[in-house]
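Here Swiss-Prot flags 139 as active site, proton donor/acceptor. What Swiss-Prot lists as dCTP binding site is 113, 114, 115, 116, 117, 118, 158, 172, 181, 182.
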């Protein structure tokens, strides 16, 4: 497997719709306001994806138990805003602005941006498997004892694209993966 460079990512986004919408280069200034942004868009060997304006923040209002086999949404409060405050030692879900279509011979890894990591915010996104498509559900943990702010429409994580030496026998689409073509924030289900 080899990591793919900016030229390949650009070509796949522009001719195959691999990333929509696609920012061809790093965007770190808001064109309308001149405000500095946490960067997003095409980089040398990856693509920095953005958070949408929709968030789900864990809360324990109903004294719930988090069980991935029997998950209920009463563990969350839903927020739609340009920012989201994650309580101390808590967790939020969000989704990407970008819609991804992964080629059959590609696997991605997604790594949190250092700007957030240096503030104690850890981003977890599982790999995008061959022929998976959808909006990315993003998990964000606030590991600090303080409330933490995250920003919609700004960078949150970098996607790295790895091309396989050989084609896989069965793709995510062919095995009918449960998160195929997910829209919005998709909570766990078995």
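Each Cβ is built from the backbone N, Cα and C atoms, and glycine gets one as well.
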Most Cβ neighbours inside 10 Å, all chains, among the binding-site residues 113, 181: 113
Cβ neighbour count (within 10 Å, all chains shown) around residue 139 (active site, proton donor/acceptor): 14
Cα-Cα distance, maximum over 113, 114, 115, 116, 117, 118, 158, 172, 181, 182, record's dCTP binders, Å: 34
Distance from residue 139 (active site, proton donor/acceptor) back to residue 158 (dCTP binding site), taken between C-alpha atoms, in Å: 14
Cβ neighbours within the same chain of residue 115 (dCTP binding site) - under 8 Å, at least six residues apart: 38, 155
Euclidean distance between Cα atoms of residue 139 (active site, proton donor/acceptor) and residue 113 (dCTP binding site), Å: 13
Integer Å distance between the CA atoms belonging to residue 181 (dCTP binding site) and the residue listed as 'active site, proton donor/acceptor': 18
Neighbour tally for residue 158 (dCTP binding site), based on other Cβ positions within 10 Å of its Cβ: 20
